Amino acid sequence: MKSEKSRTTSWLFQSHEVTEILGRVKKNRKKLVKGLHRAGPPPEKNYLPDSPALSPIELKQELPKYLPALQGCRSVEEFQCLNRIEEGTYGVVYRAKDKKTDEIVALKRLKMEKEKEGFPLTSIREINTILKAQHPNIVTVREIVVGSNMDKIYIVMNYVEHDLKSLMETMKQPFLPGEVKTLMIQLLSGVKHLHDNWILHRDLKTSNLLLTHAGILKVGDFGLAREYGSPLKAYTPVVVTLWYRAPELLLGAKEYSTACDMWSVGCIFGELLTQKPLFPGKSDIDQINKIFKDIGTPSEKIWPGYSELPAVKKMTFSELPYNNLRKRFGALLSDQGFDLMNKFLTYYPGRRINAEDGLKHEYFRETPLPIDPSMFPTWPAKSEQQCVKRGTSPKPPEGGLGYSQLGDDDLKETGFHLTTTNDGAVSCRPWCSLLF
């Protein structure tokens, strides 16, 4: 068994590594602010929530180990909190105003559950990834600021008015075809830039896509992002929020690459067209069920290596027809558009279209053409009014395969039922069975 120390260091960065990342943040700032600004009049009452002030003795005892790396970062008290936008798995986001410049920014408070031990790996990955991936269609990190006792850390980002998930929940009509094309071009441009820089996002979904009043799409929330290499390494398969998770991940593959992001792009494409999630599963196995019913049951012929996937070795699936997805869209999608959709949702990851080729697809060149982003209509910014609730969207994965939770379709004829057979096998009738 690993020692407590080894378990801790497996997910934490030490002070010198934090210093290196923060140095890159400061290099991107136009003006370097030296030292913490603790002097002056008391902060306004509506500054961002923070911890009570500590005495000098308590401060010495409580300061986290990464303290030296944060010297030179501004204090969060230099920002006025306007409202809380939303809370996710990896942090809380506020809309705030810089008291010095009056600029409106987004502040993401990182979740630091073990901050006295070191800097969380997910937080350092998120900062590092965004800094490496500067692009017009990716959120911009401006700087890092800290709480008054150096016990809370915030990422300062450019404020963006909407996320697509919340926006679509308030829209009375879906996006026009030309608007969908514009959004998809921007999404593919951002994803291409990530993949060109050897970065997997691993949590692409509509709630992580931001939209400015000027019609510019920004890919956000890099809490699950990581760099990848060639040859592929074994990664955890429990990534990507369930509704947007590629079939190879659902079936337990540990070696995966950019294709898992491209499946998510296909799911987003369908959601932009219909304002509804394409495959809204309630568990891993319900998600597989929904995909197979629309696209058909895969085989070794169309997906080389399929029979060797961990879940496939433990389950057998009934043959469902291929491919029923076209009727989901009707007149919303042209033949070229459906061809692109099929390329995003190709079972075999090695044949799934990449972002670069997606941008070259004929769908974006047929009428109606993509519109200029500046021609997008404007909508009231929900993030300026209240804490945004994510509705029924599932949370990002936190670990484990949810085979014990079954969705609505589980009790329908087209779903599956867990029963015990005479030979001791567990059957998921009528379309799959578990093998032991």
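Even glycines carry a Cβ here, placed using N, Cα and C.
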Expected hit for region 'Calmodulin-binding' in Swiss-Prot across 30-44, 360-374 is 30-44
Swiss-Prot feature motif 'Nuclear localization signal', matched against 25-30, 391-396, 397-402, maps to 25-30
Out of Ile85, Glu87, Gly91, Val93, the listed binding-site residues, fewest other Cβ atoms within 10 Å surround the Cβ of Glu87
According to DSSP, Ile85 (ATP binding site) sits in strand
If you measure between the CA atoms of Val93 (ATP binding site) and Thr129 (phosphothreonine) and round to the nearest Å, you get 18
Cα of Thr129 (phosphothreonine) to Cα of Gly91 (ATP binding site), in Å and rounded, measures 16
